[in-house]
Ligand SMILES: O=C(O)c1cc(=O)[nH]c(=O)n1[C@@H]1O[C@H](COP(=O)(O)O)[C@@H](O)[C@H]1O
């Protein structure tokens, strides 16, 4: 059976806070995620400092013309992240250019970061997606973008847990599925719309789940992470 691993999203504008969370979560989570909030506030040197020898998901969701995304990724590749994100809606040429840039920039193939394509943000429900001009359900649009991204060179997809089963039906085991919008039972949804519990996500077949505020806002983040790992193991 697939073992679902846990990524903690360390969303903060403070290096000290990120370092403190990273240290308290060592041994409790399988990777840390640093994203837009941290990177814009603290810079790439701070990303290096917090990542140290931890597995890093650097989530900067690049979305631009192919040349700009390719050059942006070649600037990020030397940071040594295990995973990087782009938006699948940037299109085939952008995704192909992103993949080519990572192949060319990273020295050893074994160290190439996984290229993950974000499909439909977990903060969008059907009406929210329709407002962007997409006349499809989130599930249909995730499948559509997921097929495009995988055919264009992505290693995996970021999606909600609701779309894991249809993606597995359509694309099999090949895509690495990274799933945010995870809420342990009873915790606040915050701005997330398409949510599931850790147990539901692992049963559906997530490779990784991403959990931020339910861990970082807990009185004891290490205990919150440990409880999520227990839920994953016993699901
Ligand atoms: O790419 C992501 O990681 C991502 C994609 C998505 O569709 N939804 C989503 O929430 N995320 C990220 O996952 C994390 C979720 O954080 P919490 O809602 O606090 O658990 C945030 O850092 C988001 O940037």
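Numbering starts at 1 and runs along the chain as it is shown here.
Using N, Cα and C of the backbone, Cβ positions are placed for all residues, glycine too.
TrEMBL has this to say about the protein:
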{"type": "ACT_SITE", "residues": "59", "note": "active site, for OMPdecase activity"}
{"type": "ACT_SITE", "residues": "61", "note": "active site, proton donor"}
{"type": "ACT_SITE", "residues": "61", "note": "active site, for OMPdecase activity"}
{"type": "ACT_SITE", "residues": "64", "note": "active site, for OMPdecase activity"}
{"type": "BINDING", "residues": "11, 33, 59-68, 122, 183, 192, 212-213", "note": "substrate binding site"}
{"type": "DOMAIN", "residues": "5-228", "note": "domain 'Orotidine 5'-phosphate decarboxylase'"}
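Across the recorded positions listed here (11, 59, 64), the residue whose Cβ sits among the most other Cβ atoms within 10 Å is 59. Among the recorded positions 11, 59, 60, 66, 122, 212, the residues whose Cβ lies under 6 Å from any atom of ligand 1 are, in sequence order, 11, 59, 122, 212. The two recorded residues residue 66 (substrate binding site) and residue 59 (active site, for OMPdecase activity) have their Cα atoms spaced 18 Å from each other. Residue 59 (active site, for OMPdecase activity) sits 11 Å from residue 11 (substrate binding site), taking the C-alpha atoms as the reference points.
For the pair residue 61 (active site, proton donor) and residue 212 (substrate binding site), the Cα-Cα distance reads 17 Å. Same-chain residues at least 6 positions away in sequence with a Cβ under 8 Å from that of residue 60 (substrate binding site) are, in sequence order, 35, 36, 39, 72, 76, 84, 85.
Taken residue by residue with DSSP, residue 66 (substrate binding site) is part of a helix.
Between the CA atoms of residue 212 (substrate binding site) and residue 64 (active site, for OMPdecase activity) there is a gap of 26 Å.
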